[in-house]
């Protein structure tokens with residue numbers, strides 16, 4: 001899904017680091033997967049991969065399945081992880097993460 005943007009080995013390593021339930025940390029994940037060091041254009045491409053329904057926003061149900069965008073068969077985020085991730089990214093309080101909010105979250 002992230003061919004040409006992220007290395008498979010980086011995706012696998014980032015997933016291994018948050019295998020246990022409630023161990024997901026978006027800052028550590030974005031750093032490990034290599035997204036934090038990417039250009040604004042590449043981060044935008046990543047956003048559109050994660051925005052499964054192409055609504056222009058990443059909603060809670062898409063966040064829950066966030067890890068599966070990086071490696072097929074990865075675990076779903078727990079409710080607590082999903083809510084914390086949404087809260088961190090949703091700076092305008094509309095219940096979803098827009099592309100600019102996502103970029104800010106990746107670079108946080």
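Glycine residues also receive a Cβ, built from the backbone N, Cα and C atoms like all the rest.
Residues or ranges marked as N-acetylalanine in Swiss-Prot (evidence: experimental evidence): 1. Sequence annotations record features per position, and here Swiss-Prot assigns domain 'EF-hand 1' to 38-73. The Ca(2+) 1 binding site annotation in Swiss-Prot covers 51, 53, 55, 57, 59, 62. Taken from Swiss-Prot, the feature domain 'EF-hand 2' applies to 77-108. The annotation Ca(2+) 2 binding site is assigned in Swiss-Prot to 90, 92, 94, 96, 101.
Residue 57 (Ca(2+) 1 binding site) has its Cα within 10 Å of the Cα of these recorded positions: 96, taken from 1, 92, 96. Cβ atoms under 8 Å from those of the domain 'EF-hand 2' (77-108) belong to residues 21-22, 24, 26-27, 30, 35-36, 38, 40, 43-44, 46-48, 50, 55-60, 63-67 of the same chain, restricted to positions at least 6 beyond its ends. Tertiary neighbourhood of the domain 'EF-hand 1' (38-73): same-chain residues 1-2, 5-6, 11-12, 14-15, 18, 24, 79, 82-83, 85-86, 89, 94-99, 102-103, 106-107, selected by CB-CB distance under 8 Å and a gap of 6+ residues from either end. Break the domain 'EF-hand 1' (38-73) down by DSSP state and the numbers are 20 helix, 2 strand, 14 coil. Neighbours of the Ca(2+) 1 site: apart from 51, 53, 55, 57, 59, 62, residues of the same chain with C-beta atoms within 8 angstroms of the site's C-beta centroid are 52, 54, 56, 58, 96. All protein chains included, residue 92 (Ca(2+) 2 binding site) registers 10 other Cβ atoms within 10 Å of its own Cβ.
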